[in-house]
Amino acid sequence: MKKIKKGASTLYLALIFLFLYAPILVLIVLSFNNSMSRTVWGGFTIQWYLNLPSNDTIMDALFTTIKITLSSSILATVLGTSAAIGINRMKKRHAAIMLGATNIPLLNADIVTGISLMLLFTRFSSLGEFSVVLAHIAFSVPYVIFNVLPKLQSMSDACFEAAMDLGATPWYAFYKVIWPEIFPGVLSGFLMAFTMSLDDFTITYFTKGAGVNTLSTMLYTELRKGIQPELYALSTLLFLLAFIMLIATNFKGSKKEVSARR
């Protein structure tokens, strides 16, 4: 009976991993397929990777995406970290109200958020890259808050107050006492904001305006014409970038935990 349960658990786990990662594996394989067909293997090639720099549509969308994603995730990290520090200093009742308000963008449907922001932006100015950056900041800040706040709540105020008593300025005490403790949460929040911004389509579609295309909206447009093999190569590179960032973050966190135990 135990063997049957163990076998069923293993099979269930294998099916879950297959469901999650099979599409990514197919994408990676197709990026090396020397054929325009998605069903016929034409041999191994790296031609689609070499063609990426010469594809103006993809490169323009890539540079626009990098600009929007980096600027929005950095600003969201600064705002989210500041907000988390402020919430941590509030009374419980006020903090609960602020956390409830922070949850709204996470629970709200993307299409509702996108339309709402579009109406807001068009009321005061035209749509463009700047409006997309503001929209991405709006939905990224909560992710940063919920990554940084637990780090702050697990800390004791005694060390910060001791540093102040010894003559340190508030900024110096923050840099030496609080920042090292919350940095893993800040980094996790930044990576999550970066990933959410990179992946977003719905909100970007409603707030981008004419002439602005990110990778997600460009892919939507190109699907009508038929998928280009270069898109497989680009998607594979983006996946590898995210994977490397995840490994680096986990390695840094594990190394810090080992050092703390010693």
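Each Cβ is built from the backbone N, Cα and C atoms, and glycine gets one as well.
The annotation domain 'ABC transmembrane type-1' is assigned in TrEMBL to 62-249. Among the features that TrEMBL reports, transmembrane segment is placed at 12-32, 61-85, 97-121, 127-146, 177-198, 231-251.
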Which range out of 12-32, 97-121, 127-146, 177-198, 231-251 gives the transmembrane segment (61-85) the most CB pairs under 8 Å? 127-146
Report, as numbers and ranges, every residue of the chain located at least six residues beyond the transmembrane segment (12-32) whose Cβ falls under 8 Å of a Cβ in that stretch; write 'none' if there are none. 38, 44-46, 48-49, 229, 232-233, 235-236, 239
Outside the transmembrane segment (97-121), six or more residues from its ends: residues with CB under 8 Å to it: 83, 87, 90, 127, 131, 134-135, 138-139, 141-143, 145-146, 200, 202-207
